[in-house]
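Everything on this sheet refers to the single structure shown next.
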Amino acid sequence: MDSLQRLNGLLTLVLSALWHLGLTASNYNCDDPLASFFSPMTFSSSLDLTGSYSSAQLNWKMGTGGWSPVDSNAQQWLQIDLGNRVEITAVATQGRYGSSDWVTSYRLMFSDTGHNWQHYTQEDSIWTFVGNMNADSVVHHRLLHSMRARFVRFVPLEWNPNGKIGMRVEAYGCSYRSDVADFDGRSTLLYRFNQKTMSTLKDVISLKFKSMQGDGVLFHGEGQRGDHVTLELQKGRLALYLNLDDSKARLSSTVPLVIMGSLLDDQHWHSVLLERVGKQANFTVDMNTQHFQTKGETDALDIDYELSFGGIPVPSKPGTFVKKNFHGCMENLYYNGVNIIDLAKRRKHQIYSGNVTFSCSEPQIVPITFVNSRSSYLMLPGTPQIDGLSVSFQFRTWNEDGLLLSTELSEGSGTLLLILEGGTLRLLIKKVAGHGTEIKTGSGLNDGLWHSVSINARRNRVTLTLDNDAASPAPETSRKQIYSGKSYYFGGCPDNLTDSQCLNPIKAFQGCMRLIFIDNQPKDLISVQQGSLGNFSDLHIDLCSIKDRCLPNYCEHGGHCAQTWTTFYCNCSDTGYTGATCHDSIYEQSCEVYRHKGHTAGFFYVDSDGSGPLGPLQVYCNITEDKIWMTVQHNNTELTRVQGSSPEKPYSMTLNYGGSMEQLEALIDGSEYCEQELKYHCRRSRLLNTLDGTPFTWWIGRSNERHPYWEGSVPGVQQCGCGLEESCLDNAYFCNCDADMDEWSNNTGLFSLKDHLPVTHVIITDTNRSNSEAAWRIGPLRCNGDRHFWNAVSFSTEASYLHFPTFHAEFSADISFFFKTTALSGVFLENLGIKDFLRLEMSSPSEVTFTIDVGNGPVELLVQSPYPLNDNQWHYIRAERNVKETSLQVDNLPLSLREASEEAYFRLHLTSQLFVGGTSSRQKGFLGCMRSLHLNGQNTDLIERAKLMSGVTPGCPGHCSSYSSNCHNGGKCVEKQSGYSCDCTNSPNEGPFCQKEISALFDPGTSVTYMFQEPYLVIKNTSLLSSPIYTDTARSKETIMLNFLTAQAPTILLYLNFSSQKFLAILLSSNGSLQIRFRLSKGESHVYTMSTENLANGRVHQVKISKDGPEISIQMDQQLFSYNFSTKVEFWTLKSLVLGKVTETLGLDPEVAKVNILGFLGCLSSVQYNHIAPLKAALRHAGVAPVTVHGTLTESGCDSTLDSDVNAVTTVHSSLEPIGKRDEQEPLTNTVQSDSAVIGGIIAVVTFVTFCVIGIMICFLYQHKQSHRTNQTKEKEYPETLSNSFRNVIDLQNTASECKREYFI
């Protein structure tokens, strides 16, 4: 019922708005010529005219044939006085008859009084009209919004470069009737009701107003039960208070329900319309409408006794008001169809008025605008050498800094400066020598409001007054008399003056000033305009052209708008968006995109519609090798027990997923598959078994509908899954729980119909009987698959295209997609309007252009690529246009950007269909593939549209040609229908990109042995089964890789056992340097020592050994060593590969055997020999791989540092260090010779003491150990930190520790 009432209210408001629009449009006869019937004095101009005033009429051919000023410059204007306020709906222009003088563009201004002019605006910008191309043709413009004014000005902007300014003009419209009331700031109009209370379900209040002040109450009404409605000006903005039947919400304690408008104290007319139907309301200020819902408990507004306009009088206290009264004029004031001002004029008994008059008295205030921050200034003369000075004026600005006033004082008194610095007013009197005087006052004065300033100096004291609040007077420190100067410079300084005449330590002022007084005398600024008083540069006289660039607010997604005089900025902090207008999301649109950018599992924010209106939502992305699961948690994932519920008193739980339903729907709709698990445990608690078919328990999904199907069943069938399969505990029922047994049973299963997910409510009504109880759990929402990221099509002909509805993006437009092609050029997409258009194309094999026209001329952006874009690889394009800038991005190439004009924000008006892959002319179409097309964040389903069009095929194969490089460490790219995956079979790593290291902790007694007698069955690539490592033939190329971390030296890392007692061992010597010891042919063993750097330092190090024929290269971290065998050496058939301690010691090289006694204590990761990953086989495929594990092997990540206690224990120096014959070809540049005898002696002493301490510690620990430890392989563990885990491994060493103890003794 509430939704129906809300819909009713919205429909009524829409119809009401259309009715008001119809009233405006119904005046279709308002197009009569207005200027032709007036006397010649109707026309006037800025300065000289070549002929009489009457010659400016349209089609005038006599005399000079029109208006043409002597000087053609930007200060000229032609003005028409239409006698009274009229409604102007159109204008027309011609050039001067029989001449080469015409205007090619112009602006319109209008005024009620001939002063305080106002620009005609359209689309929130000062509108420029297209003028004439010759002297005789008439160019007619119908105004989008009519003007109501007495005076109209035509202001030429550009004219024929081969002639001068010349115009003949006409204005079209009709008479305008209005009822006006003038409020002096102390008066009100009261509309008394015939009954005590006026109760209304619908209200329409409309009026127009012009205000002299920034604050004041326009209307107010209230009731005894808390109802109230108030419209109030607050600092130049309209604040609306509206409350229905809520006694707690009093006007004095509430905040405005809606705030709209800005700069409404500009003494121009502004329109207001308030429409309410029940709790639904529309509030419109100057054609900008905001819809809102009122506060309160009922739909009726109950107002007692009266409505007041212009103020809130206090009952029984005449002349007393609750808030500041309105000072200004109101026009055409209507309350629910009643013309309030007309009743007051006719002195009807319902109206009680204070000091209200019925004509608008407007003071002749002339404002001026300082336009340029470098060259604007106003010079006004003063009376020099007066004892003291007095200057006052009002200003308004958006800039924090600017010069307000500079004047050179007489008699060596110095220079007086008044500047705005950081929004604070600062008065300085600077002396030629010595210190001056300084006064500061105010803050935030760049708020766009009018502020009054007064400076008074007498004798040696100076007073600065801001907004009638005087700052502390400052004495002039020199005690010297202050004398006034002869010239006062406002806003800036001319370029030709010295610093003593006009000093400006800051940039010129940009803003408005008015009511300038010097020596208590007002200055006539019209005389300044006419050249008879003072001097000026870059000023607009008789208008204040301040504009609120934050209204409307172009900062999207909650971005905060800040502005200066010329532009605005968006602060996007904490919004989740970035860019000039906070348009671009900083988050990706799905877990698939995070995977594509190299991320692994974790919590991420997902913004399903990108730059669209939906905000980001936190999800968990479980990115694995086969599927990518997106999980959204809710507020009740634990098992919940329920008792005492009945149909009369049901149990209900609402699930909160941390986001709106629209966000969740977008996530689900963008996924291929979604599910939620339900576990319902029951004891004498039924689900569906009722006599009338009404379920006892149900759940509610996304569309707010009840769903009584459970556990694997299907919609529309009121059963559980076991009922469909006929497998319930009691086949007489369709659910296990419906058997109503005293024992616990359950119905558990998955909901997977996307149109019904997510589960939002659970309702249970059958747990109020004896021993009746239920327990339920709804799992998180889980989805996989991305319907958008791999949504691709192929265009096969230049004439083929896809068409979509018109792209609506008036102020913000972003387009992104991937493409690949072999063609030389082609149009990606195009959308046309009457004048506007946008086009995105590959103009050459290395260039992409984005062309857009929003009505002010085409803008073309170009990105040139240093590599060809037609290489049949996927490339990414993103084009964006907003009111601040236009940009084009291709791949990761430099961004092409063009800033927009600050003077106008044009809407993009497109009318045709959007053509993708081609153009409306079916020429220059794109040949190739496109995918993942997004328009303003919304996905465009290319595949579905391609099914309806010829020449376009759904899908596009060949992803691995672009993305195979994403598969690392030997991983292989595998094509999929939608995208690709990485096969990590031949990689020592795992994960979606084969980047996740597989690593394990080793005890001194741990041994991992991989046997090579036969290939193991885990290998997925059958071609590897014939690898030479399984045969008796030798390989010419071999590769060994491993990462290690240890604090033990000496130690053994890896051992390769070949036939005929040949071997290769990777060791750390006693000083921690890396050694490669091998015997690959008959003869003695050889050893390569890579470096004397201590690698047993608790950090991860990487070793890679590559053999190619007689050459062998060894890379250790960032160092590379190269060697050549002196004789032919081959890697013969391997028998086994051992990590850690070698268990088969028969025939073991004596030197290796000595190190092998200690085993390996530390961490190994990413171990690989050719295509074999022995550590991965031991941890992932131990049941089928030919691998044997002895001792404790614990899976854990290798950390980069170890606990300090570990480092203190494990560096062991042994006198039994294996020594062998050094290869003669080992490079001397990468080795360090033996230490001196003195250093060796010191080390020996330190080593002996260390051995003793370690031996005592090990004996103490050994007494607390088990007497026997069986060989085992631990299952996968994830310790919180490696340091703690590693320390425990060392502290709890097994029997190998005993061996080490005996070895040291």
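Cβ atoms here come from the backbone N, Cα and C positions, even for glycine.
Among the candidates N355, N571, N1071, the residue that Swiss-Prot annotates as N-linked glycosylation site is N571. Record note: of N282, N1124, Swiss-Prot gives the feature N-linked glycosylation site to N282, with no matching annotation on the rest. The N-linked glycosylation site entry in Swiss-Prot, when matched to the candidates N622, N1021, corresponds to N622. Checking the candidates N496, N1271 against Swiss-Prot, the annotation N-linked glycosylation site falls on N496. The recorded disulfide partner of C973, taken from Swiss-Prot and restricted to C956, C960, is C960. Candidate disulfide-bonded residues: C555, C1198. Fewest other C-beta atoms within 10 angstroms, C1198. Within the chain, the domain 'EGF-like 2' (957-995) has long-range Cβ neighbours (under 8 A, six or more residues past its boundaries) at 592, 595-596, 598, 600, 623-626, 628, 785-786, 789-790, 820, 872-874, 1018-1021, 1024, 1041, 1165-1168, 1171, 1173, 1175-1176, 1180. Each of the disulfide-bonded residues C570, C967 was ranked by the number of other C-beta atoms within 10 Å, and first place falls to C570.
Model confidence over the domain 'EGF-like 2' (957-995) stands at 87, taken as the mean pLDDT rounded to a whole number.
Counted with DSSP, the domain 'EGF-like 1' (546-583) comes out as 0 helix, 10 strand, 28 coil. Note on the glycosylation sites N571, N1057: the fewest other CB atoms within 10 A surround the CB of N571. Annotated pair C512 (disulfide bond) and N1057 (N-linked glycosylation site), C-alpha to C-alpha distance, rounded: 90 Å. Looking at C994 (disulfide bond) and C967 (disulfide bond), their Cα atoms lie 6 Å from each other. Each of the glycosylation sites N282, N622 was scored by the other Cβ atoms within 10 Å of its Cβ; the lowest score goes to N622. Using a 10 Å Cα-Cα cut-off from C982 (disulfide bond), the disulfide-bonded residues that qualify among C555, C572, C973 are C973.
For the pair C572 (disulfide bond) and C1198 (disulfide bond), the C-alpha distance works out to 39 angstrom.
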